[in-house]
Amino acid sequence: MISRALGPEFGGSIGFLFFVANILACGLYVTGFVEAVLDSFGPKGSMISDGGAYLPLDDKEWYKYLYSSVVLFFCLAICMIGGSMFAKTLIVIFMITVVCTLSVYISIFAKSERKLIQNPRIDMLDKRNESCANHTFYTGLSGTTFKDNFYEHYGRDYITHDKMDFATVFSILFSSVTGILNGANMSGELKDPSKAIPKGTLSAVTFTFGTYFILMVLVGASCDRCLLLNDYLFLQSINLWKPFILIGIFAATLSAALGNLIGASRILQALANDELFWFVLRPATKVTRGGNPYIAVLISWFLVQIVLLVGSLNAIAPAASVFFLLSYAAVNLACLALELASAPNFRPTFNIFTWHTCVLGMIGSMVMCFLVSPMYSSIAIIAMLLLVILLHFKSVPSEWGSISQALIFHQVRKYLLMLDPRKAHIKYWRPQILLMVAHPRQACELIHFINDIKKGGLFIVGHVKIGSLDKFDYDPVQTEYPQWMSLIDKLKVKAFAELTLANTVSEGLAHLIRLSGLGGMKPNTVCLGFYDDSKPVDSLVKCMRRKRRFFSSEEINSSNDVDMMFDNLPIRSERSHKHQSPSDYVKMIYDSLKLQKNVCICRHFNQLDKSIILKSTTEYYIDVWPLNLFRPYTASIFDDTCLFMLQLACILDMVPGWKSKTYLRVMLCTNNEGVAGKNVETKLDKVLKTFRIPAKIQPISLDLGESYKDLSEDEDHQMTLYKSIPEHIVQKINTRIKECSKKTAVTFMYLPRPPQDTTGQLEYLLSLTALTNDLPPTVLVHGLNPVISTTL
């Protein structure tokens, strides 16, 4: 039940604690049964006359263990027969218990005279209680006696000699009412659990409360404190027929032991059926023809047999109570979570509860846990948390859903409504990136890189499937979407997947730019791979081998394994036809800028091996070229694109791993010499200090001949636009950049706006290709708005 509500991690861990609680409780009741037998039929027993025979108890502890084992074996025999036998036995035991309880009520009303109760075990009493030894009186119903017993006055347990307090007494009494979930434990064997469990549980709780309350009042008003303190079987001495008490104790403890033993076996079976603990619990799934989990019963019996070695009811009670209280707190938490999640399908047939009662129940259970035993409570909670972590790393597949998803949805919706894009401020700007991917298995390194530079922002992996919905009998996007999500999981990146169907890639890109994200979380930057003829390489196998998950049984040996896992995501064939022309590709850049999105064009990221950088003993650089190389005079101008490049490079340099192995370097390119060149360097240094960017300035001379100088003297001062320059100059610039990039990990360069005409677009793409040929992984950047602030 808890697994279905809170998820397998919490359900498995809390279910384990609940199983342990039932094991401890079964041992508790068996021990209580045997203690009652020995107090009655052992040496100086209340049912043994002077000189009469009694149960042997020469070696007290081992004889006690022997008797406990016999009783437990009897319980095992009943549970092995099955749930029907247990139910029939329980009805008989219940009737016997009711009769014996009524005999106590009748006896107290029937006996009204004051009487001294002799304690045959007086030599067992603690010396600190000897003042009460000869003053153990039954007074009959008396207001004075009730008044004397009304307030607390704790003594010592005459068996363990431990000082009693509220928490200890509570733990012992609480263990008498832990059968509240026995009905839920046997829900699989009930005809109509939804009706039987609430009716049966509430009836049982009401009946039990009434029984204990009446008994408490009658005993408190008829027995003095010394009698209550020094004789745990005093009811035998005041009953009309002494054996009634003994029979009642036997019936109550035996029924409770049976309930906990069969409950523990059913919980163990449920844990095994859900496969939460691998193959360890697989034997517990075996059942008889009648559905009785006999292996789970045997395992539970064996564990109870170990608990019996403790030997004392009062020693077992605190541990059992703590584990039960934690289980009850979890049940309250499950109900609270379902109530807060407001799931439409949460329509319980029993709905007389509110979140207030859930909170009170949960807090009350947790408080009492630590009052009963801080040590046991701490151990149980630590064990639960370790199991939660273990099951989380195991990645338990759940088909029944998890309340965490409902709660997350509820909270995310709430905070998304509060995230107002109109209140966005440059101080808190962060990149929110839409990365367009055609063939994800060839772009793993790029996906990881974008994950590094998102700085806690939104990261969407977008894909456009070419086609028209009219040509399909189904939605082809929905069939591929699960594999895209699985791919993101395998790559361990914090990203969303967004897919769309369109007639062209540029049309699909417009869909994704407008519709991806939600509310204030929408992409502000579009990232594209480069349009070239590079050889397709499947990088997914390498990434998955390098990032195998802890506790994962998954083994990736070849690309064939990946093909089977991602059959809808094949790699691109070298002979395959591209879905877009060069002009269409450039138009995607133009449209993205037109839709007011920053643009990043990424090339050569199939060469990026982050593991080599992280393991290297030499330093690498993150290079920033803050000028439009097609307009060389712009070296002294720092527009929004330059600052956007610096921001992205600075973010990358802040990422763990990159931060320790790379250094940020700003390349200052100018043909100016002397004072003018120094002024540009001073200006750039001031910009870096103003924005607190820890970068080294590297002056670079681009002495590329007179024709490049002529470009520097161009009067067209539109820095963001592309300007055609001769191919040989572009090649020289490329060569100069390569000379400066021998230890460069990533290069950020200025991306000019593309031209609108088709002829100019083709030339634009060819120029970008020539400019970035054979460079390290390169990001061509164009920014539209300010992204850096000095106020933080």
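Positions of Cβ are set from backbone N, Cα and C atoms, glycine also.
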(request) Please find, within the list 166-184, 413-431, 584-602, 622-640, the residue stretch that TrEMBL describes as transmembrane segment. (result) 166-184
(message) Below 8 angstroms Cβ to Cβ, which residues of this chain, lying six or more residues outside the transmembrane segment (322-341), approach it?
(response) 1-2, 5-6, 10, 14, 17-18, 20-21, 24-25, 171, 174-175, 178, 180-181, 353-355, 358-359, 361-362, 365-366, 368-369, 372-373, 376-377, 380-381, 384, 403, 406-407, 409-410
(request) Could you tell me how many residues in the domain 'SLC12A transporter C-terminal' (445-533) are helical, how many are strand and how many are coil under DSSP? (result) 39 helix, 22 strand, 28 coil
(request) May I ask for the residues of the chain that lie six or more residues beyond the transmembrane segment (353-372) and have a Cβ under 8 Å from a Cβ within it? (result) 166-168, 170-171, 174, 318, 321-322, 325-326, 328-329, 332-333, 335-336, 339-340, 380
(message) Considering every residue in the domain 'SLC12A transporter C-terminal' (445-533), what is the mean pLDDT value?
(response) 91
(request) Rank 14-38, 90-110, 291-310 by Cβ pairs under 8 Å to the transmembrane segment (244-271) and hand me the top one. (result) 14-38
(message) Take the C-beta pairs under 8 A between the transmembrane segment (291-310) and each of 65-84, 90-110, 204-223, 379-396. Which stretch has the highest count?
(response) 65-84
(message) Does the transmembrane segment (379-396) come close to the transmembrane segment (204-223), meaning at least 3 CB pairs under 8 Å for residues 6 or more apart?
(response) no
(message) Cβ under 8 Å, sequence separation of at least 6 from the ends of the transmembrane segment (90-110): give me the contacting residues as numbers and ranges.
(response) 140-141, 211, 214-215, 218-219, 222, 235, 238-241, 244-245, 247-248, 251-252, 254-255, 258-259
(request) Report, as numbers and ranges, every residue of the chain located at least six residues beyond the transmembrane segment (379-396) whose Cβ falls under 8 Å of a Cβ in that stretch; write 'none' if there are none. (result) 8-10, 12-14, 16-17, 274-276, 278, 322-323, 326, 369, 549-552
(message) Quick test of the contact rule: Cβ under 8 Å, at least six residues beyond the ends. What residues does that give for the transmembrane segment (14-38)?
(response) 2-3, 6, 45, 55, 57, 64, 67-68, 71-72, 75, 175, 178, 181, 185, 233, 246, 249-250, 253-254, 256-257, 260-261, 263-264, 267-268, 270-271, 276, 300, 303-304, 307-308, 310-313, 316-317, 319-320, 323-324, 326-327, 330, 380, 383-384, 387
